[in-house]
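Colleague: Input: one structure, supplied below.
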Amino acid sequence: MITTDILIIGAGPTGLFAVFEAGLLKLKCHIIDALAQPGGQCTELYPKKPIYDIPGFPEVLAGDLVDNLMKQIEPFQPGFTLGERAETIEKQEDGSFIVTTSKGTKHHAKVVAIAGGLGSFEPRKPAIDGIENYEDNGLAYMIKDPEVYRDKKVVIAGGGDSALDWSIFLADVASEVTLVHRREEFRGALDSVEKVEELVQQDKIRLVTPAEILDINGDGKVESVLLQHNDEAKRMEVIECDAFIPLFGLAPKLGPIADWGLEIEKNAIKVDNTLDYQTNIPGIYAIGDVNTYPGKLKLILCGFHEATLMCQSAYQRIFPDKRYVMKYTTVGGIDGFDGSRKEAEKAVVKKIGNKQNV
Amino acid sequence: MSDIKMTIIDRDGQRHEVDAPTDMNMNVMEVCKAYDLPVQAVCGGMAMCATCQCYIISDHDLGERNDDEEAMLWEAQNVKENSRLGCQIPITENLEGLVIELAPEE
């Protein structure tokens, strides 16, 4: 069982910044996210999207913002449970919570903060009958550990950055990589497309376009896929493989959180905005795009503010007898859990009235 | 410049007659959101998520899909011949009387 002070559900910008604010209060955080890497939709959907309304950044790419947030929270050593969706929550007698993920990982926390954005991002699944029978048996919608594919025959489907990037990466890991895309053109970074072309020339990737996978075959696990070439003849081809990885992007779903007994309004969790973004269940907070209240604006910078107030309230909940006095980070510095310390350089103050020192 | 009238059919089949301004640089996705219709627009209008997919019911000429829209619709579910991304359709006067239907959520 993983134990922590604040369990954050959602590793988008708001969830990540909550780690920082909690760290200033010496509260430990652990983050659960359905995606395989932190960053939420910023990383998964549009890492190259420019954002112009983050204070202090005239322009920042979504992916770079996440990288910076990860760097900012590093001293506070958050734990991560990635690639698993928060499934159930049980309130304990002492007011704490146990949250269990889709893969059965249990987390015990004094406070839960839902920073789930628009919900968990579920992979878009190709319309193949019985596809769920192969999930985790050779079929994966995201890659958590590329070593799983070492010396295996892999078929990847998709035309975006994920499909391109993983094809490139697995070209040196898998024994055979076939990239299948329904169009001739790819929607990805130009250098990735060029790299794939290069690897195709070197016979490290077999590229099949325009084509799509119609079926999966195998006895309890993926053994081959049925491919249809989208040419005039609609030629069919069976490709023997150990793994099939469709990478068609993600679609947001509120998911199991909707069944946690929280007050929901228009697909968002209602909170008490006047105080601390707490939900109707004491000890469970909702921050960022996942919440709603009068005047709500779904902006990253508003999520940062909400995360800050949530942490102050969480501190009082965890330590009801302690009085916390808010300090500016310039004055108080930052004490990381890793032993690091950051503080402002102390300026030399000249002695007043002593002309010799002037 | 004046408002145009358009009709949005929601996922329950209910028709919403709405006014859409032509002078606010809005697109169909933004009009749907302005009327609290259930369009998520996860990517904010960059043709990167298909959560604003709609079907064009009337016979307005919306022009060709651009490359981004085309590519996204190749990856999306529930795509039909008349599918478009609401975020890629700017509101202009020649859309007077446009009728769209929201595509099912994936």
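Glycine is no exception: its Cβ is also placed from the backbone N, Cα and C atoms.
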Colleague: Which of A:D145, A:D151, A:D165, A:D289 does TrEMBL put in the same FAD site as A:T14, A:D33, A:Q41, A:Y46, A:A86, A:F121, A:T330?
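Modeller: Within the candidate list, TrEMBL flags A:D289.
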Colleague: Which of the binding-site residues A:T14, A:D33, A:Y46 have a Cβ less than 8 Å from any Cβ in chain B?
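Modeller: Near chain B - Cβ to Cβ under 8 Å - we find A:Y46.
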Colleague: I'd like to know which of the binding-site residues A:Y46, A:F121 has the most other Cβ atoms within 10 Å of its Cβ.
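Modeller: Going through A:Y46, A:F121 one by one, the largest Cβ count within 10 Å is at A:F121.
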Colleague: Take the domain 'FAD/NAD(P)-binding' (A:5-294) and average the pLDDT across it for me.
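Modeller: 93, rounded to a whole number.
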Colleague: For A:T330 (FAD binding site), what is the tally of other C-beta atoms lying within 10 angstroms of its C-beta?
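Modeller: Summing over all protein chains shown, A:T330 (FAD binding site) has 8 other Cβ atoms within 10 Å.
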Colleague: Per DSSP, A:D33 (FAD binding site) is which: helix, strand or coil?
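Modeller: Strand, per DSSP.
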Colleague: For A:Q41 (FAD binding site), which residues in the same chain are close in space, meaning a Cβ under 8 Å from its Cβ, but six or more apart along the sequence?
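Modeller: When sequence neighbours closer than 6 are ignored, A:Q41 (FAD binding site) has A:G12, A:G117, A:L118, A:F121, A:L250, A:P252 within Cβ distance under 8 Å.
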Colleague: Using a 10 Å radius around its CB, how many other CB atoms surround A:A86 (FAD binding site)?
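Modeller: Counting Cβ neighbours of A:A86 (FAD binding site) within 10 Å gives 27.
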